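Colleague: Dropping the structure in here first, questions after.
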Amino acid sequence: MASLWSTNLAILLLFVYLVSNSFVSANFYNDFDITWGDGRGKILDNGNLLTLSLDKSSGSGFESRNEYLFGKIDMQLKLVPGNSAGTVTAYYLSSTGTKWDEIDFEFLGNLSGDPYILHTNVFTQGKGNREQQFYLWFDPTADFHTYSILWNPQLILFLVDEIPIREFKNAESKGVPFPNNQPMRIHSSLWNADDWATRGGLVKTDWSQAPFTASYRNFNAQACVAKPGSPSSCGGGGSTASWWSEVVDSSKQERLKWVQKNYMVYNYCSDSKRFPQGYPPECNMG
């Protein structure tokens, strides 16, 4: 298996390995570009804070300058407060092309006092439909919380404040594609999705509450960064980093079960109406 990963990595772009051993926030001026929104996305506080805003005319978004192939990506977010119904704050990794890979966090707004829904999905080779949704055990609008994607050759792990909420295992042995050869950028956007986001589109965005604002800080990437023309050390030096070989041990398994028992509100792997002919093969992995 190790030689297979080495072969896969060798046929890609050449990569350079960058890893930070401490949680040091990066500078948004250096690491990200505001890509749309006509001034509604702002980098503030000498590059330590980024905000996205949404009004009736437009939302806004940003993306990372680097592309990543495996790593642990952390970002602290504070979501739109108050009546956020109809809004979606998306934070995800994605490659490009018609057979793209993607790892999604999407935060679906709600009426004041009602909880956000954290929507997760994994796309491989352009195919998604692997939704799991959760409530959070705190108010994500009151303060910043850390949302992380840990992606290595064995698994994808979604974490909230270092608590695992979802594991997507490498199931290539069952014929399920796994994202392992397309570098992905970090993207985030704040946009209006009141045709579906809140109660299936029944609750519309209240534009009298605009502008809606989400805030970001303390980005950290312990990751393999795609650098064309540079020697690769992801399969070598990368393998010494803890995230490279991380699995869900018994302690993480307990926390994962706690979240899924108490806070999961939708799981495609238990939606029998959606899959009357049987669940997708990755749903049957222990």
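The backbone N, Cα and C atoms fix where each Cβ goes, and this holds for glycine too.
Model, not experiment: these values are computed from the prediction.
Annotated active site, nucleophile per TrEMBL: GLU102, GLU106, in sequence order. Residues or ranges marked as domain 'GH16' in TrEMBL: 17-216. If you look up TrEMBL, you'll see ASN110 marked as N-linked glycosylation site. Taken from TrEMBL, the feature signal peptide applies to 1-26.
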Colleague: Looking only at the domain 'GH16' (17-216), what is the mean pLDDT?
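Modeller: 93, rounded to a whole number.
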Colleague: Among all protein chains shown, how many Cβ atoms are found within 10 Å of the Cβ of GLU102 (active site, nucleophile), not counting that one?
Modeller: 18
Colleague: Can you tell me how far the Cα of ASN110 (N-linked glycosylation site) sits from the Cα of GLU102 (active site, nucleophile), in Å?
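Modeller: That comes out at 25 Å between the alpha carbons.
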Colleague: Restricting to the same chain and to sequence separations of six or more, state which residues have a Cβ under 8 Å from that of GLU106 (active site, nucleophile).
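Modeller: Within the chain, GLU106 (active site, nucleophile) has Cβ neighbours under 8 Å at VAL88, THR89, ALA90, TYR91, TYR92, LEU118, HIS119, THR120, ASN121.
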Colleague: Determine the Cβ neighbour count for the residue listed as 'N-linked glycosylation site': the number of other Cβ atoms within 10 Å of its Cβ.
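Modeller: Taking all protein chains shown, the residue listed as 'N-linked glycosylation site' has 19 Cβ neighbours within 10 Å.
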